[in-house]
C-alpha cells in the first residue's frame, strides 16, 4: 500500500521537473548592455542598435584560448524597442534580454526631433527596462558611437559603462540622467532635463584655449585612451533636446540642484596675485544649496535667493604665493574665487532665463508650496511665466578653507638663490 | 503545531496588518492618484476618519451583546430576514472585492515576473495555495500571520532605506493635489479601503478574550494606516504627480528602481518573495473570512467545506475582467465607492434598531 502510494507520488512529481513557462537558462539569453537609437529612413521608424555583452570574457570561468569578442553590436530597423529585439533574433542566436541594460544612447539627431519622447516612452511600459538606465546623447549616430567605443582596460562593456558613468557623475562633469528622472522632469513640465553628452569623434579644428572644465564631449585635448568622451550635457525641454552645456556648466547645475549628489570637484582658476599661474582647488559641497523663494501671488513674480555653502581645499599653488599664512592674500584669493563662480553661475542663469525659458536646476520644487493645488500651480506656469521673469540672486559662501597636509610650499627664492 | 493555543492580541494585530497594509503594495495607490494627483498619500487618513464613527459604533454594539460575532449580533438585533439581507450585501460586496483584488494580484505576478505563463495558470496556482492554506483553519492562519509579519516588515524597511535617497519631500506640494474638494470627496468615497476591519468582526468570539480582539484591531488599524501613508508618501515623493498617475504598480516600479550599491543590481526578486507570501496570506485570510460570513449567515457548521466552492467562484470572478487597468480603474473603483455607504450605514442602522428595542439599556 505504502509502496503504491509512493509510486503515485513519484509520478505526480515528475511533471514538476519540466518547470514553469518562464523558465529560461542563462545560456539561452543575450544580455544587452547598451541600446542605441537612431533615425530610420522614414518617419516613425528607427534603427535600434543592441550592444550585447559576452559573459564569458573576463570571468574566471573562461577557458584558455577563447578568442571571442567581449561584445557584439547589431543594428536593426524597427518602430519600438521590443519588436526590434524579436527581429534581431533572426541573426542573434539567443533571446535578447534588456534587464541588465545600463545605458540608452540616443543620437543627437533623434534627441532633437519631437519623436524622441515617443520612442523612449516604451521604456517605462515594459518591466525589463529599469528606471536606473542612463540616457546618453551622442553627437554621431548611436550605432557608430557604440561600435567605435573601444575601452582598452575595462573590456567588459557592462562594467565599462557602469564605472565610466559613475565616476564622471561623481566629478560632476556629466549629469545624473536616468530614465526615472527623465520622466519626473519631463512630465512635471516645469524644468529642463539634462542628459549625458558623449561622443567618439574628435573635434580637430577647435583651438585649445579653453581652461579648466569648459569643454564639451569631443573637445577635450587628450592623447591615448579610449576615443569616447563623456563630457557635458544635452539640455532637454519638454522631451526635446534644445542645446548642450559644457562640463563646467553641468557642474554648476549639479551644484545648484539639490536632488543630485556630487562627491568631489577639482577646479582650477587663475591665481589672483600671479595671473599667469592657476590655483587648483578641491571644491566640496558641505550642504545642499538653500533656495529661498519669495513669491508674489498677485503679480505672479518670484524673487529667488540662493545661498550655496561650500568648502575648499587648496591642492596646488604653482605660483607659490603664501596663501596659507598671509591673511590678506588669502582674502583676495577667496574673494576672487567667489566672484568667478558667481559670475559664471549668473551667466548660466541668464542664459537659461533668456534662451531656454526654463531652469535646469529643478527649482520648480521650491515654488510649489506657494500654491494650494495643482491646477493653480499649473496656471502659475513656472517655466513660461515665473522663472524667466524672476529676480535671481546667487551667493556662494565659503565655510572652510584647508591647505592639504602642507603648511607652506618650498621657498622658491631660497631654492634658487 | 500549536493548535490548542488561543488567539491573542498579537495574532489579531498581524491579521489586520496583513489585510490592510499590503494594500500599499498593490495598485490602490494608482487608483487614488487618478482623482487626487499628488495629494493621494493622505487620502487613507481621510477615509479612516470617515469610517471611524461607524466602526466604533459597531464595536460598541459587539461589546454590549457579549459573546456574539457580527452575524449573530445582527440576527439578535434585526431578526432573521433583516440580518440575512444586510449580511448578504456585506458578503457579496466582499466577495466581489476579493475577486477583483485577486485579478489585480494575478496580473501583477504575470506582467512583472512571469510574462510567458498564461494568466489562468497563475490564477489557478494562486487559488490552490490560498485554498489549502485556508483549509488549515483560523487559528493556523492567525499564527502564520504573526510569525511572518516581522519578515514582511523587515523587507519594507529595507526598501524604504534603499529608496530614501531619492525622496524629494517638496514633491508633496501643492498640498491639495487636484483641489481640496476633490481630495476630500475621494477620501470619503474610498472609506471602503478599511472594509476588512468590518469583516474581521466575524472573528470576534474566536479570541481568548474579546478585549484581545479589540486591542488587536485598534493597534493593527493604527499600524496599517501608518504603513499605508508611509508608502504612499514615498510614492508621491519619488515619482511626481504626473508620473504616478500613469503607473499601474508603483510598488514594483520602486523595487525595480533600487539597487544595493553598484554591484548588487536588479534586486526586485528579493522583495517579490515577501510580497507574494504576504499576498498569499492576505487572500487566505480574506477567503476564510468571507466563507465564515456566508456559513454563519445560513447556519452552516463546517466552514472548511465551503471554502472550495466559494474560492472557486471567486477564481471565476477574477478571470472576468479583460485587463488589469479596466479592473482597477473601472470595476474596483466603482465597487469601492458603492461599498462605502453600506459600511457607514449598517452599524448606524443596527444601533438605531437596538436602541428602539431597548436592548442597550439592560446592561
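Residue numbers in this text run from 1 along the chain shown.
Note that Cβ sites are derived from N, Cα and C of the backbone, with glycine treated the same way.
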Matching B:7-28, B:183-204 to TrEMBL annotations, transmembrane segment lands on B:183-204
Expected hit for transmembrane segment in TrEMBL across B:81-100, B:241-260 is B:81-100
Relative to the transmembrane segment (B:40-61), the stretch among B:112-133, B:183-204, B:306-326 with the most Cβ pairs under 8 Å is B:183-204
Long-range Cβ contacts under 8 Å made by the transmembrane segment (B:140-163), restricted to residues 6 or more beyond its ends, are 1-3, 5, 7, 10-15, 17-18, 22, 133-134, 227, 230-231, 234, 238, 254-255, 257-260, 270-271, 274-275, 277-278, 281, 284-285, 288
Under 8 Å Cβ-Cβ from the transmembrane segment (B:81-100), and at least six residues away from its ends along the same chain, one finds 71, 74-75, 192, 195, 198-199, 283, 286-287, 289-290, 293-294, 297, 310, 313-314, 316-318, 320-321, 327-328, 331-332, 335-336, 338-339, 342, 346, 349, 353
If one takes Cβ-Cβ under 8 Å and requires six or more residues beyond its ends, the residues near the transmembrane segment (B:306-326) are 27, 95-96, 98-100, 102-104, 106-108, 111, 119-120, 123-124, 127, 130-131, 134-135, 248, 287-288, 290-291, 294-295, 300
